[in-house]
Amino acid sequence: MNDQMMNQPKHWLHLLPTLQTDSHKYSRGYVFIEGGYPMTGAARLAAVAAARVGAGITVLAVPEIAFQIYASQLLSIIVKPYANAATLAQLVDDERINAYLIGPGAGISEHTRSSTLDLLRTGKPVVIDADALTAFAEQPQTLADAVKGPCVLTPHAGEFAKLTGHTIAATQTLKIAQAQAAARTFNATLLLKGAVSIIASADGRILLNNNAPPTLATAGAGDVLAGLITGLLAQGMPAFEATAAACWMHGSAATLFGPGLIAEDLSPMLPAVLRTLASQANH
Ligand SMILES: NC(=O)C1=CN([C@@H]2O[C@H](COP(=O)(O)OP(=O)(O)OC[C@H]3O[C@@H](n4cnc5c(N)ncnc54)[C@H](O)[C@@H]3O)[C@@H](O)[C@H]2O)[C@@H](O)CC1
Ligand SMILES: Nc1ncnc2c1ncn2[C@@H]1O[C@H](COP(=O)(O)OP(=O)(O)O)[C@@H](O)[C@H]1O
């Protein structure tokens, strides 16, 4: 594989968020994540990752029934319960929000579909992951038509096949072509996750991420990655570079942790990963 296509810090180091002496939590980036029920772990993993990668404020909007579950295990993440679609819409419609995430643990439902469309309507950056991708398996054009602003789709091979109707090809070259075509179709950055993940932009750029140990094949690792991408988007990184940087950080965190990794272990490794990247940026 062409070396130029391998994801490296040189592709995005200069775009990493930097702190100003007068930064405040809202200026650092406001992330909004929709959490589901009963799979409450996924959105919590994503929220902690978004905060760890530098978002100044991370809000999790959750169905009222699940509020206590979410809130009982989160401290810095703000959990906001919603009773119905109207109250959820009020939470979404906050001009301070810089980036949205939907999908981890969301459930495959009409609610997930319509919530995804509501987020896309804002025109702000949106990361669409997991169940929010599968929810459009029967109507991918509805999703494609709704994309207005920066958007990142993060399917694994199973979700990619359901969303596009195409089983993943056997060779890397064909997989890259599939990812590129899907990025164009949805007018979005498309991250096709796997042992070697493919990052494709709607304008044809491609990066391959192999900075990822197989210990990442563990439930919830993808939720953490979705949170990292959203956290970087909220801090102003462009979608393609935010996705590439997040993949790199995710893999580095797993490598640093070593054997015995579970998804909860990834975010606590981020400070060390960020410190290393900051020292590279200063040289
Ligand atoms: N603690 C939690 O609450 C967790 C919740 N999760 C949530 O669980 C829901 C379902 O996630 P799943 O990933 O199981 O999605 P799905 O159940 O939609 O897809 C999994 C199916 O796709 C197939 N598949 C094909 N290629 C695959 C690949 N490369 N990786 C994984 N599966 C592949 C598998 O055979 C499997 O049948 C999502 O909402 C997700 O966010 C999981 O992320 C795990 C942790
Ligand atoms: N064998 C592997 N080697 C390296 N990375 C892997 C491997 N298997 C999975 N990953 C990575 O782990 C993450 C798994 O995400 P995903 O499939 O969405 O799982 P989940 O939904 O359980 O979080 C992805 O970032 C993927 O690239």
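From the backbone N, Cα and C atoms, a Cβ is placed for every residue, glycine too.
Note that the structure is a prediction, hence the values are computed from the model and not measured.
Features reported for this protein in TrEMBL:
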type	residues	note
DOMAIN	8-277	domain 'YjeF C-terminal'
BINDING	ALA42, GLY105, HIS156, ASP223	(6S)-NADPHX binding site
BINDING	LYS193, GLY194, ALA195, VAL196, SER197, GLY222	AMP binding site
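Location within the structure of each feature annotated in TrEMBL.
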{"residue": "ALA42", "record": "(6S)-NADPHX binding site", "CB count, 10 Å": "26"}
{"residue": "GLY105", "record": "(6S)-NADPHX binding site", "CB count, 10 Å": "24"}
{"residue": "HIS156", "record": "(6S)-NADPHX binding site", "CB count, 10 Å": "17"}
{"residue": "LYS193", "record": "AMP binding site", "CB count, 10 Å": "24"}
{"residue": "GLY194", "record": "AMP binding site", "CB count, 10 Å": "16"}
{"residue": "ALA195", "record": "AMP binding site", "CB count, 10 Å": "11"}
{"residue": "VAL196", "record": "AMP binding site", "CB count, 10 Å": "16"}
{"residue": "SER197", "record": "AMP binding site", "CB count, 10 Å": "25"}
{"residue": "GLY222", "record": "AMP binding site", "CB count, 10 Å": "25"}
{"residue": "ASP223", "record": "(6S)-NADPHX binding site", "CB count, 10 Å": "29"}
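Look at VAL196 (AMP binding site): DSSP puts it in coil. Closeness to ligand 2 is met by none of the binding-site residues ALA42, GLY105, VAL196, no Cβ falling under 6 Å from the molecule.
HIS156 ((6S)-NADPHX binding site) falls within a strand when secondary structure is assigned with DSSP. Ranking the binding-site residues ALA42, GLY105, HIS156, ASP223 by Cα distance from LYS193 (AMP binding site) puts HIS156 first. When pLDDT is averaged over the domain 'YjeF C-terminal' (8-277), the result is 97.
In the three-state DSSP reading, GLY222 (AMP binding site) counts as helix. Within the set LYS193, GLY194, ALA195, VAL196, SER197, GLY222 that the record links to AMP, no two Cα atoms are more than 14 Å apart, and one pair reaches that distance. Taking CA atoms as the reference points, SER197 (AMP binding site) and ASP223 ((6S)-NADPHX binding site) are 15 Å apart. Cα spacing between GLY194 (AMP binding site) and HIS156 ((6S)-NADPHX binding site): 6 Å, rounded to the nearest whole number.
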